[in-house]
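As structure tokens, the structure follows; a few thoughts come after it.
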Amino acid sequence: MDFLEEPIPGVGTYDDFNTIDWVREKSRDRDRHREITNKSKESTWALIHSVSDAFSGWLLMLLIGLLSGSLAGLIDISARWMTDLKEGICTGGFWFNHEHCCWNSEHVTFEDRDKCPEWNSWSQLIISTDEGAFAYIVNYFMYVLWALLFAFLAVSLVKVFAPYACGSGIPEIKTILSGFIIRGYLGKWTLVIKTITLVLAVSSGLSLGKEGPLVHVACCCGNILCHCFNKYRKNEAKRREVLSAAAAAGVSVAFGAPIGGVLFSLEEVSYYFPLKTLWRSFFAALVAAFTLRSINPFGNSRLVLFYVEFHTPWHLFELVPFILLGIFGGLWGALFIRTNIAWCRKRKTTQLGKYPVVEVLVVTAITAILAFPNEYTRMSTSELISELFNDCGLLDSSKLCDYENRFNTSKGGELPDRPAGMGIYSAMWQLALTLILKIVITIFTFGMKIPSGLFIPSMAVGAIAGRLLGVGMEQLAYYHHDWAIFNSWCSQGADCITPGLYAMVGAAACLGGVTRMTVSLVVIMFELTGGLEYIVPLMAAAMTSKWVADALGREGIYDAHIRLNGYPFLEAKEEFAHKTLAMDVMKPRRNDPLLTVLTQDSMTVEDVETIISETTYSGFPVVVSRESQRLVGFVLRRDLIISIENARKKQDGVVSTSIIYFTEHSPPMPPYTPPTLKLRNILDLSPFTVTDLTPMEIVVDIFRKLGLRQCLVTHNGRLLGIITKKDVLKHIAQMANQDPDSILFN
């Protein structure tokens, strides 16, 4: 009897921490599509089903865009309110943040627009005064206390409810998109806890951003919504196409950059990105950005926090300082990756990793204590970047715009370069101290057991360095406009240098040095700031930072974390340049025991169950007989276990002595023998094979481009061995003089 006429629940699915078989998944999707198309000609109902199936992908993208845009708006609004809560509270309504509180006030002047009677600092509430040393100490104490409370809540929620909600999530999403399965990583609990703890972590004032975690949040939305559609629920490869589009929506709402989001998904996270996914990513990013714009979390009717308007064109000579910023970005990127990976490795291999709550509280306490006295470290990192990108106008009250006005203001038009006032000199000192704190503290913050993104801290480091260089250049041009490098394009009283532009270029350079993004980075930066005419400086800085960082270390931060965690990720960008053959990598080696195989028609249920219990392999080759070793196909361990269990429950008479047949027809059996078990339906009859003399560079290419789990090795048609994805990764590590056992997921 062939009990496998009906599909068995669970057959064709995968265990946790296994790699999917892309070839099999794509083939199943083609079969499903062919069946729906053929049926659509038979009846109107089948035609409607066919149309709804085709439309379901676009509907799913619409839902992902709406949900991720709404969550991003909620996170932005909550984080701004809770960040301001560390400094005081609005008596007119505790739910207002500082800015909104003073918007509604009638007792506010333009110069002191952030001071209003409705907004009370903690010292005003507790001791009824804002003046004097004791008031300063009260505010200082409350700032540190709130920061510790937020950080403690964040790390406790992650530890208790969703351990996968920590970190940025991008290394894991890259691994999942390459075909690896980490159950629960994109689940409901992870989404809920990541959303709540992201707000808490950002509000605690730690040196981290929300942009990377927003990609994780959007991918969680995509994965959960996939369960509403049969087409995506049952096919892991189709689901990964949706997750690629969700990653684009995540970056779209993180930066307000829909096109940059699509390019980020294509350049940085996706493994398989067909043209259809490109269009759908574009649609998901568009809907997500539109939803966020409707919520208007920043209250400025714009998608982005860092919108700038620079009034001066850049000059060719300025490419020199822009390239210098690129070099700084590359050096900072390489330094950060090395030190952060060394610290994360120490966390993994020592007692430090056993006390995540203590570690987070200690880092938060140090950050808060050092941050409060300096206004540039006390403000949120997003506000700091916004301030650094700002082009000074006449009405700006910021210390960064404290120039001496030695000109007639009635002329209107652009402001000329002016000598720096005392406010700028004190701001430069404070920014230099901020730069040192950000560089050091970010190394220890990224990778802790709380949601932590890296985009904003990296941009802050670059923006500070850029602003410092920009002000230096501006003062140089003002006092030495007759120098040969300036006199052709910078006359006295003209507006020659824009320090905000240098901050923007520095931010791009540092972000590029850490992540090694190029095209998507430039597009994100000009969408983020609206600075379309400054593409060339951004490109020059991004390319320089990538070249410098690549010269000092090939991996970006996400690839380095993938390798540190031992995820089975086969990098598509790296070349394999060694002259080894398939026989050098395959298992078994020369002196190893023989390859474990099943025969097509001579093994009993008991024999197969014994093999399953004694080995841990994910699948077994099926051969004609042990003597001939001629290959028939390949069967997965999970499918075997499920099918045998199902047969014992549903098929009468199947016992341990029943013979298993992988052939099309089983021979007639003598009377009184137990019934046979036919398992041909779960057999892969076209497993990928190579010969023993195939060069490994071709094998590596096959694994990358087809997304294989395993490949069988034959010699003159006889089965010799097997190469799995982990064998390939271990071999690549060995060839690069790295520890091959580090490629084991922990």
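Each Cβ is built from the backbone N, Cα and C atoms, and glycine gets one as well.
What you are looking at is a predicted structure, and each value in this text was computed from that prediction instead of being measured.
The feature transmembrane segment is assigned by TrEMBL to 55-75 (among others).
Packing against the transmembrane segment (133-155) from elsewhere in the chain are residues 82, 85-87, 121-124, 126-127, 197, 200-201, 203-206, 356-357, 360-361, 364-365, 367-369, 372, 378, 448-451: each is 6 or more residues past its ends and has a CB under 8 Å from a CB in it. According to TrEMBL, the feature transmembrane segment maps to 133-155 (among others).
According to TrEMBL, the transmembrane segment annotation covers 189-208 (among others).
Nonlocal intrachain contacts for the transmembrane segment (242-266), taken as residues 6+ away from its ends with a CB within less than 8 angstroms of a stretch CB, comprise 57, 60-61, 64-65, 68-69, 72-73, 173, 176-177, 186, 210-212, 214-219, 221-223, 225-226, 232, 272-273, 277-278, 280-289, 291-293, 302-305, 455, 517, 519-520, 523-524, 527-528. The annotation transmembrane segment is assigned in TrEMBL to 242-266 (among others).
Residues annotated as transmembrane segment in TrEMBL: 316-335 (among others).
The feature transmembrane segment is assigned by TrEMBL to 355-372 (among others).
Among residues of the same chain six or more beyond the transmembrane segment (427-448), those with a C-beta under 8 A of the stretch's C-beta atoms are 155, 166-168, 206-208, 332, 336, 339-340, 343-344, 347, 356, 359-360, 363, 366-367, 370-371, 374-377, 384, 399-400, 402, 454, 457-458, 460-461, 464-465, 467-468, 471, 557, 561. Feature annotation from TrEMBL assigns transmembrane segment to 427-448 (among others).
Here TrEMBL flags 454-473 (among others) as transmembrane segment.
Annotation comment: TrEMBL describes 586-650 (among others) as domain 'CBS'.
If you look up TrEMBL, you'll see 682-742 (among others) marked as domain 'CBS'. In terms of DSSP secondary structure, the domain 'CBS' (682-742) contains 26 helix, 18 strand, 17 coil.
By number of Cβ pairs under 8 Å, the transmembrane segment (189-208) is matched best by 355-372 from the list 55-75, 355-372, 454-473. Residues 139-140, 143-144, 147-148, 151-152, 154-156, 159, 204-207, 347, 378, 437, 441, 444-445, 448-450 of the same chain lie 6 or more positions beyond the ends of the transmembrane segment (355-372) yet place their CB under 8 Å from a CB of it.
Broken down with DSSP, the domain 'CBS' (586-650) shows 24 helix, 17 strand, 24 coil.
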